[in-house]
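Presented below is the structure to which this report refers.
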Number of protein chains: 2
Amino acid sequence: MAETFESQSSYQQLQAINDALSSGMYVHVRKMLHHMPAPDVAFMLESTPAKTRAVLWQLIDPEFHGDVLEELSEDVRNGIIRQMMPEKLAGALEDMDTDDLAELLRGLPDAIFQQVLQSMDEQDRVRAEQALSFGEGTAGFIMNTDTITLRPEVTVDVILRYLRLKGEIPEDTDAFYVVNRHDKLIGIVPVIRLLTATSDMTVEELMDEDAETIPVDMPEGEVAKLFERYNWISAPVVDAEDHLLGRITIDDVVDIIREEAEHSMMSMAGLDDEEDTFAPVMKSTGRRSIWLGVNLVTALLAAMVSDMFEETLSQLAVLAILNTIVPSMGGVAGNQTLTLVIRGMALGHVSPSNRRWLISKELAVGALNGIIWAVLIAGVVALWKQDLALGGIIAFAMMINMLAAGLSGATLPLLMKKMKIDPALAGSVILTTITDVVGIFAFLGTATLLLMP
Amino acid sequence: MAETFESQSSYQQLQAINDALSSGMYVHVRKMLHHMPAPDVAFMLESTPAKTRAVLWQLIDPEFHGDVLEELSEDVRNGIIRQMMPEKLAGALEDMDTDDLAELLRGLPDAIFQQVLQSMDEQDRVRAEQALSFGEGTAGFIMNTDTITLRPEVTVDVILRYLRLKGEIPEDTDAFYVVNRHDKLIGIVPVIRLLTATSDMTVEELMDEDAETIPVDMPEGEVAKLFERYNWISAPVVDAEDHLLGRITIDDVVDIIREEAEHSMMSMAGLDDEEDTFAPVMKSTGRRSIWLGVNLVTALLAAMVSDMFEETLSQLAVLAILNTIVPSMGGVAGNQTLTLVIRGMALGHVSPSNRRWLISKELAVGALNGIIWAVLIAGVVALWKQDLALGGIIAFAMMINMLAAGLSGATLPLLMKKMKIDPALAGSVILTTITDVVGIFAFLGTATLLLMP
């Protein structure tokens with residue numbers, strides 16, 4: 001984990017900017033920012049507390065506002081654009097890629113959105129409205145429209161002359177798309193193939209006819225899986241009649257992959273995916289309190305189960321002392337299973353044909369773990385409290401709870417997906433409630449049956 | 001979350017293969033596998049229980065073994081190659097990309113590794129040994145050596161003639177590298193620039209001289225960050241004297257990004273990153289038991305804290321009932337902070353210059369959340385148990401524990417990184433231990449002081 005040259009220099013830049021800001025050397029900061037590439041400026045903004053961020057933003061040359069906005073995460077970007085004048089914002093959006101433009105406009109409150117749209121020039125407005133017409137999170141929403149199309153009968157020689165005349169090819173172009181006279185996609189020609197072809201060959205001879213296409217309404221998660229599985233750099237997007245609409249490039253897909261993978265981790269801890277590390281205190285407190293509220297209800301539920309055994313607890317204080325061990329172990333074991341199944345589902349590995357196998361497997365793991373830890377805890381408790389019966393009781397409860405953990409860890413995400421609830425968001429809370437209630441009930445219940453007169 | 005055409009058809013294929021396997025129609029399965037692209041075959045293997053996986057593997061045409069191995073995740077791949085004959089394995093590795101070859105060889109037990117190396121032909125062995133000479137997880141380890149190099153004085157015309165003669169260009173080539181007569185990299189020429197250039201221009205006129213390069217010993221995580229930040233498709237890898245060694249392409253980087261993002265989620269649940277969802281029961285039980293063992297020690301520690309207050313608990317059973325609420329809330333709040341800081345560190349946003357701000361912020365969030373939930377729980381307990389003093393005591397303990405949660409959630413990952421311990425792996429356990437101990441101690445301690453005679 002050694003810090004390399006690169007991140008060292010990023011941190012040094014950040015430190016230098018912070019130092020200059022706190023000594024009020026705004027002109028100096030402005031100059032430093034001016035010499036940085038847009039992604040680096042975005043990095044500085046992301047790594048800065050929200051208040052200072054507003055000051056920094058003012059010091060960036062307005063000409064680069066659009067480039068920097070493109071690179072920011074949603075939460076940070078929304079914070080900034082809500083404070084910008086609509087006309088200025090419209091100006092910043094001028095040269096933005098279609099996909100970034102659509103995403104950004106969606107983050108705006110309705111009133112500002114209308115103002116920004118009206119401040120745009122005709123061409124940009126049409127482009128924005130078109131991109132917004134596709135559903136959020138679909139292929140249409142993340143595609144770009146800067147494709148170069150060829151006709152099948154044209155020769156390599158003609159194409160090369162045309163390209164030299166044009167003088168510029170969109171960034172990241174790795175293929176040209178071949179369309180017929182009805183604008184339907186009939187093939188693709190990889191850029192490198194033009195370089196090895198002889199000048200009299202036609203596009204028809206060069207093109208791949210069975211190239212894969214992406215339907216415009218495919219969810220972005222599916223798009224990402226395709227790119228990942230087949231190692232694509234770009235892919236054409238088509239409508240239901242195979243008309244070419246645009247292309248999706250790997251750089252946008254990388255963001256989706258990162259977001260999807262982070263989504264599970266953040267959700268399982270009860271955080272918003274886009275939560276900004278440097279958001280103001282009030283905003284963070286508000287966001288996190290929902291989850292804490294849910295957990296309070298869960299904790300009270302567990303307390304109520306204990307409450308049912310008040311009589312037992314008042315006579316045997318030792319039970320109160322050991323009462324947290326079984327629920328705790330069940331929670332950890334259940335969360336292991338839950339996490340594994342959620343990841344398996346995200347990767348598409350869990351399917352109807354192997355579901356049953358997976359549930360049996362996790363039950364078997366639960367049973368085995370149950371035996372191991374039941375024996376161990378029985379020994380520890382029997383030695384510590386000099387009470388064999390107590391050891392037996394906690395071992396039995398452990399066994400029951402480990403099975404409950406394996407079963408609910410494996411079935412909960414599958415059930416929740418069927419009910420269209422995000423398992424990463426709610427799975428962990430429901431699971432812990434189950435393992436708490438089952439654990440306490442099994443332990444105190446058995447103890448009451450066996451130890452109470 | 002609608003299932004689309006793509007995954008539907010993957011699931012249907014999987015179902016069809018499973019059905020055919022269980023009815024013993026091996027010839028049919030062999031034929032189906034033969035018509036699938038390698039990534040799809042890999043997907044089938046990943047989604048299949050370990051036992052059936054071995055059968056499936058036997059039915060794949062040995063000619064495609066190498067292609068399929070390239071696409072498998074580490075855990076699944078290692079399971080397969082450990083059962084292959086060394087000579088067969090050497091055969092499968094013949095046409096493999098250098099980076100995949102090195103990764104795969106590293107997964108082998110020493111004895112088999114030597115046998116495989118000896119079964120390889122001269123050229124492959126040299127290639128493998130070279131790739132293995134770079135440290136695992138560095139740029140050198142994930143690079144490919146299939147670059148096309150140009151000399152600065154050559155003209156476009158000559159290059160195009162050369163490429164036509166050569167007839168083939170490595171997949172995903174988006175740039176040619178310009179080297180001087182000492183093989184030092186002096187610039188790059190994007191492929192698309194060759195298409196728009198006139199035929200008498202020289203490489204020197206076309207090339208970018210200030211293109212970014214990657215040092216061969218840069219950690220792969222840093223490489224991934226650069227690709228992500230600057231939207232690269234590929235980048236040249238050089239040694240300390242700027243000699244061109246190879247190139248890294250985005251498809252390998254995508255895997256690293258996915259693995260890095262998953263690493264935190266899996267580690268926080270106490271799972272191995274590469275844990276295979278369909279591993280055999282014994283293997284899974286063994287792997288998960290380490291974490292359960294650590295948790296047992298933690299749970300016993302919390303029980304020992306309760307044990308210190310046995311006298312109090314035996315006289316006031318109500319304390320036993322409420323004893324889990326404060327630790328539980330502290331655990332959730334602490335884990336929120338911990339997760340956010342770990343993600344911030346992974347993205348590189350947390351740095352020496354904003355560390356102090358971040359800790360103060362999380363303390364403030366903890367204090368605010370402490371006040372909110374202290375007031376709420378005081379009300380609930382006062383109403384439920386008709387005891388104002390008890391409400392006050394639990395509120396005080398909640399306040400203390402929320403502060404402890406915010407402070408340890410923010411400082412633990414920073415401390416652990418300094419001590420070179422992975423915060424995702426151990427952070428959550430240590431944090432929960434702290435919030436359990438502080439929560440129980442604050443609650444039962446205050447109760448003992450105020451309520452006991």
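Glycine too: its Cβ is placed from the backbone N, Cα and C atoms.
Quick look at what TrEMBL lists:
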| type | residues | note |
| --- | --- | --- |
| DOMAIN | B:143-205 | domain 'CBS' |
| DOMAIN | B:207-265 | domain 'CBS' |
| TRANSMEM | B:290-309 | transmembrane segment |
| TRANSMEM | B:315-342 | transmembrane segment |
| TRANSMEM | B:363-384 | transmembrane segment |
| TRANSMEM | B:390-412 | transmembrane segment |
| TRANSMEM | B:424-452 | transmembrane segment |
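Among the recorded stretches B:290-309, B:363-384, B:424-452, the one sharing the largest number of Cβ pairs closer than 8 Å with the transmembrane segment (B:390-412) is B:363-384. A Cβ distance under 8 Å defines the sequence-distant neighbours of the transmembrane segment (B:424-452), meaning residues of its chain 6+ beyond its ends; these are 263-264, 267-268, 270, 291, 294-295, 298, 301-302, 305-306, 308-309, 311-313, 315-316, 319, 322-323, 326-331, 333-335, 338, 342, 389-390, 393-394, 396-397, 400-401, 404-405, 408-409, 412-413, 416. As a whole-number mean, the pLDDT of the domain 'CBS' (B:207-265) in this prediction is 89. Outside the transmembrane segment (B:290-309) by six or more residues, the chain places 270-271, 319, 323, 327, 429, 432-433, 436-437, 440-441, 444-445, 447-448 with a CB less than 8 A from a CB of the stretch. The DSSP breakdown of the domain 'CBS' (B:207-265), given as helix, strand and coil counts, is 27 helix, 16 strand, 16 coil.
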